[in-house]
Amino acid sequence: MDATTVLAEINGNIATVGYGLAAIGPAIGVGIVVGKTIEGVARQPELAGRLQVLMWIGIAFTEALAFIGIATYFIFV
Amino acid sequence: MTDLNGRPDRPAGAPANTPTSNPVLKRALVWGGILAAVILVVGGLVGFLVAGVPGLVSALIGTAIAVVFMAVTAGSILLANRFADSDLFVGAFFGIVLGGWIVKFVVFIVLVVLLRGVDWLEPVVLFLALVAGVLGSLVVDVVVMLRSRVPYVDAKLPKAPSED
């Protein structure tokens with residue numbers, strides 16, 4: 001039994017790791033988008049409407065990656 | 001801040017401080033629905049030609065999931081803006097928007113797991129329809145945003161012809 005088998009054996013489908021990554025990346029992205037929006041609204045509350053639209057576009061782009069990443073479950077066997 | 005009650009461009013019963021983003025988001029939802037109808041027809045046709053009835057069903061389900069879930073963001077912002085007059089508006093706003101986001105993804109993952117092993121679906125068609133729906137609604141969102149007119153300040157403006 002060689003060292004790779006003993007120390008780093010992985011059972012099951014390695015694509016599972018990809019689903020985890022598909023969740024982490026967009027989570028960080030949405031966190032930054034929303035955090036920056038809170039910051040902007042706190043500085044200039046009267047801009048809330050404009051900032052909401054920008055936040056919505058930012059979230060839409062970020063979550064698109066999450067949807068596609070998680071949906072690869074359908075094609076990766 | 002000036003008193004904004006009684007603004008003619010605001011429906012009765014809406015909070016006086018409703019953010020100016022509402023018309024943009026509503027328009028995005030409407031155009032997203034129109035796009036969904038187009039992708040449903042085209043995707044369903046292509047899916048049927050490629051893989052028969054399972055392909056048709058897969059294309060319909062994939063498009064519906066993508067468009068509905070992408071629309072949840074705009075819908076949750078619109079819902080949260082109903083609490084604009086509340087003292088807890090900022091907290092409620094981000095709670096509703098981010099809470100909606102996480103619920104959406106949990107539901108999506110559950111749907112994906114449930115639909116994976118079903119034999120009346122064609123996984124590749126479903127995946128491609130989902131990607132088409134996601135990319136299509138992104139395009140709609142960007143076009144609607146670029147064509148929108150959001151004022152810098154929350155003041156009364158003459159209405160643009162495109163705004164209702």
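Heads up, the Cβ atoms here are built off N, Cα and C, so glycines get one too.
Feature annotation from TrEMBL assigns transmembrane segment to B:28-50, B:56-80, B:92-118, B:124-146.
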Distal contacts, the transmembrane segment (B:56-80) - CB-CB under 8 A, six or more residues away: 21-22, 25-26, 28-29, 32-33, 35-36, 39-40, 43-44, 46-48, 92-93, 95-97, 99-101, 104, 108, 111, 115, 120-123, 125-134, 136-138, 141
Same-chain residues near the transmembrane segment (B:124-146), Cβ under 8 Å, at least 6 residues beyond its ends: 24, 27-28, 31-32, 35-36, 39, 43, 47, 50-51, 54-55, 58-67, 70-71, 74, 115
